[in-house]
Amino acid sequence: MEAFSYRDGQLFAEGVALSALAQRFGTPTYVYSRAHIEAQYRAYADALEGVPHLVCFAVKANSNLGVLNVLARLDAGFDIVSRGELERVLAAGGKPDRIVFSGVGKTRDDMRRALEVGVHCFNVESTDELERLQQVAAELGTVAPVSLRVNPDVDAGTHPYISTGLKENKFGIAIADAEAVYARAHALPNLQVIGVDCHIGSQLTSLPPFLDALDRLLALIDRLAAKGIQIRHLDLGGGLGVRYRDEEPPLAGDYIQAVRQRIEGRDLALVFEPGRFIVANAGVLLTRVEYLKHTEHKDFAIVDAAMNDLIRPALYQAWMDVVPVTPRDGEARTYDIVGPICETGDFLAKERQLALAEGDLLAVRSAGAYGFVMSSNYNTRGRAAEVLVDGTHVHEVRRRESVQELYAGESLLPA
Ligand SMILES: Cc1ncc(COP(=O)(O)O)c(C=O)c1O
Ligand SMILES: N[C@@H](CCCC[NH3+])C(=O)O
């Protein structure tokens, strides 16, 4: 579904004009659509009907409590990578036994807390992590449910920074070593092997890499079964791409159908960890043009959002659509849309044809995933507000960071 659309010459988020949100909350502000988040979650959950499953939203994509709460109310699971994400999920009403804990650097403290609350599964990424988890679980007198994140060595065909399933990446346990590590996990008294998982990369726009990885994991599951190690769930991670510009990623329903066909006849539950797919197109970053600067070589629109608010263009040269909230008549020019930060890399978009005037509002689309969560205070800029639109209702799910908050917690040296 389209969460953001034009009516009466203005861009709306569901039933609310973005111009009204800018007036009420100021800019820059992230705006999310509840209906879109729900529809995207359901695209997974509905396609999985009839198979035991968990759709664990990857919290790293958007950890706003309001957003997590929308998903918790749908009984979603969550994929976390830190103690902070764990506490957020619990605060938002997520159930601990629907949480999978991923990440290559889990600390003892992370493990203790996750065991105390009773997460569904630890996705273990190395032998040393396995030994550490055994120790922590033994100290607590409990048993940790584990899955090994296997690196299947398939090329996800995505940006190298977000490709994770090749053997040169830091993630997971090489598939060639997996059987030995499973045997070790099986032998440790305070671990219970329940699953196998992989995550080969993000923003995948075709099915073959997913299915290739799946086939390798199924073969592994068979080899483990022959050794008496029963795998109960198969976690295929996240990674399903979305449309930023003209990509045509597979439909979630087709992806899941293809997976279901391949596991037919097996006694396996399915786990997925979608992040971007659920929230990317549920959000925009609303920003205002501060200045138009025309130089001999270029036209710049200097806006009040910057790379500290949305780093994807600077970090990955990601192309994100920028549209006027209230399109105006007049001559379009080719603008670079840049922020106020003292870095040449501080741009949101390059060479866009727009008719603009100072004070105009722009929306950076597809900003619901890896937007606010990757923001910083660089240049001592307060972080943006976040609001969630639900029909004609508006919830301020995070207020703008104040100037005072920017140095709270710091101190001068003693006199
Ligand atoms: C282990 C794991 N699961 C899930 C995700 C979510 O990925 P995406 O947002 O591409 O669905 C990631 C990030 O790529 C990840 O590292
Ligand atoms: N942050 C990346 C995705 C990273 C995925 C995390 N495993 C992006 O904005 O596209």
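Placed from the backbone N, Cα and C atoms, the Cβ positions cover glycine too.
Per TrEMBL, these features apply:
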type    : residues                           : note
BINDING : G239, E273, P274, G275, R276, Y370 : pyridoxal 5'-phosphate binding site
BINDING : R276, R312, Y316, E343, Y370       : substrate binding site
DOMAIN  : 30-368                             : domain 'Orn/DAP/Arg decarboxylase 2 C-terminal'
DOMAIN  : 35-280                             : domain 'Orn/DAP/Arg decarboxylase 2 N-terminal'
MOD_RES : K60                                : N6-(pyridoxal phosphate)lysine
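Structure with TrEMBL features highlighted.
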residue	record	contacts (Cβ under 8 Å, 6+ apart)
K60	N6-(pyridoxal phosphate)lysine	V81, E85, G275, Y370, V373
E273	pyridoxal 5'-phosphate binding site	C56, F57, A58, D79, V100, S102, H199, D235, L236, G237, G238
P274	pyridoxal 5'-phosphate binding site	Q40, Y44, V55, F57, A58, G238, G239, L240, A252
R276	pyridoxal 5'-phosphate binding site	A58, A61, S202, Q203, G238, L240, G241, V242, A369, Y370
R312	substrate binding site	A318, M320, Y370, G371, M374
E343	substrate binding site	M307, A314
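Cβ packing within 10 Å was compared across the binding-site residues Y316, Y370, and the lowest neighbour count falls to Y316.
Classification of Y316 (substrate binding site) by DSSP places it within a helix. Listed binding-site residues: G239, E273, G275, R276. Those with a CB atom under 6 Å from ligand 2: none.
Figure note: comparing Cβ neighbours within 10 Å for the binding-site residues G239, G275, the maximum is reached by G239. For the binding site of pyridoxal 5'-phosphate, formed by G239, E273, P274, G275, R276, Y370 according to the record, the largest Cα to Cα distance is 15 Å, rounded to a whole number. Close contacts with ligand 1, defined as a Cβ under 6 Å from any of its atoms, occur at E273, P274, G275 among the binding-site residues E273, P274, G275, Y316, E343. Binding of substrate is attributed in the record to R276, R312, Y316, E343, Y370, and the widest Cα separation among these residues amounts to 27 Å. Under the three-state DSSP scheme, G239 (pyridoxal 5'-phosphate binding site) falls in the coil class. Mean model confidence for the domain 'Orn/DAP/Arg decarboxylase 2 C-terminal' (30-368) is a pLDDT of 96. Apart from the site residues G239, E273, P274, G275, R276, Y370, the chain places the Cβ of A58, K60, A61, S202, G238, L240, F277, I278, A369 no farther than 8 Å from the centroid of the site's Cβ atoms, the recorded pyridoxal 5'-phosphate location.
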